[in-house]
Amino acid sequence: MREPLDPLGPALAQASLYLCTDARRERGDLAEFADAALAGGVDLIQLRDKGSAGERRFGPLEAREELAALEILAEAARRHGALLAVNDRADIALAAGADVLHLGQDDLPLPVARRIIGPSPLIGRSTHDSAQVAAAVAEEVDYFCVGPCWPTPTKPGREAPGLGLVREVASRATEKPWFAIGGIDEARLPEVLDAGARRIVVVRAITAADDPKAAARRLKDALVSR
């Protein structure tokens, strides 16, 4: 396992609430939203605009627009001591000075991504079955995500392995940080915690909330109480 460089390693180890958000182009409130969610206790914030309402209305987020949105998130993350993550794009992560690059199963090979972003940023991996989990535990990624726990509109057509995979990963007792992901909200969180997860990734549980700060705070309180 790669030893993360300080101060990112300790920040990741202590993180429990990871938020993926789109650029909120149809609302125009990214700065206000990010500040509220981070004030509520979000530890990592990732920009992921694929399949968003903004993409459907305005088209795919171009690199210049993505970097502008990431600068907004970076400023908010710095104010709140949180980590900034970029999805898929190692070049964008490098240009944005992101703390974290998150890779899916079909993204750049890990060694290539590492050469692009350099030694300091953290790299995470998505996993959807036992074999992918085993690979993520063995390879030099800094954390991995497990799921989806439930089907989710942000990943249409993807079969959800459910909480069974979460239980399996929890039974491994790996020291590498991992997050349960997929359809998790405040109502479902107790089931996820009962399955053995202690870190989660959420989307709509905060992005669709009337009060993002309060929604994040309730999730964080439930996580730290275990």
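We count from 1, first residue shown onward.
Glycine is treated like the rest: Cβ placed from N, Cα and C.
Swiss-Prot lists Gln46, Leu47, Arg48, Asp49, Lys50, Asn87, Ser126, Lys155 with the feature 4-amino-2-methyl-5-(diphosphooxymethyl)pyrimidine binding site. Marked as Mg(2+) binding site by Swiss-Prot: Asp88, Asp107.
Annotated features, which come from Swiss-Prot, shown on the structure.
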residue : record                                                         : DSSP (3 states)
Gln46   : 4-amino-2-methyl-5-(diphosphooxymethyl)pyrimidine binding site : strand
Asn87   : 4-amino-2-methyl-5-(diphosphooxymethyl)pyrimidine binding site : strand
Asp107  : Mg(2+) binding site                                            : coil
Ser126  : 4-amino-2-methyl-5-(diphosphooxymethyl)pyrimidine binding site : strand
If you measure between the CA atoms of Asn87 (4-amino-2-methyl-5-(diphosphooxymethyl)pyrimidine binding site) and Asp107 (Mg(2+) binding site) and round to the nearest Å, you get 10
Taking only the CA atoms, the spacing between Asp107 (Mg(2+) binding site) and Ser126 (4-amino-2-methyl-5-(diphosphooxymethyl)pyrimidine binding site), expressed in whole angstrom, is 10
The most crowded of the binding-site residues Leu47, Asp49, Lys50, Asn87, Ser126, judged by neighbouring Cβ atoms within 10 Å of its own Cβ, is Leu47
Same-chain residues at least 6 positions away from Asp88 (Mg(2+) binding site) with a Cβ under 8 Å from its Cβ, in sequence order, are His102, Leu103, Gly104, Asp107, Leu108
Most Cβ neighbours within 10 Å, among the binding-site residues Gln46, Arg48, Asp107, goes to Gln46
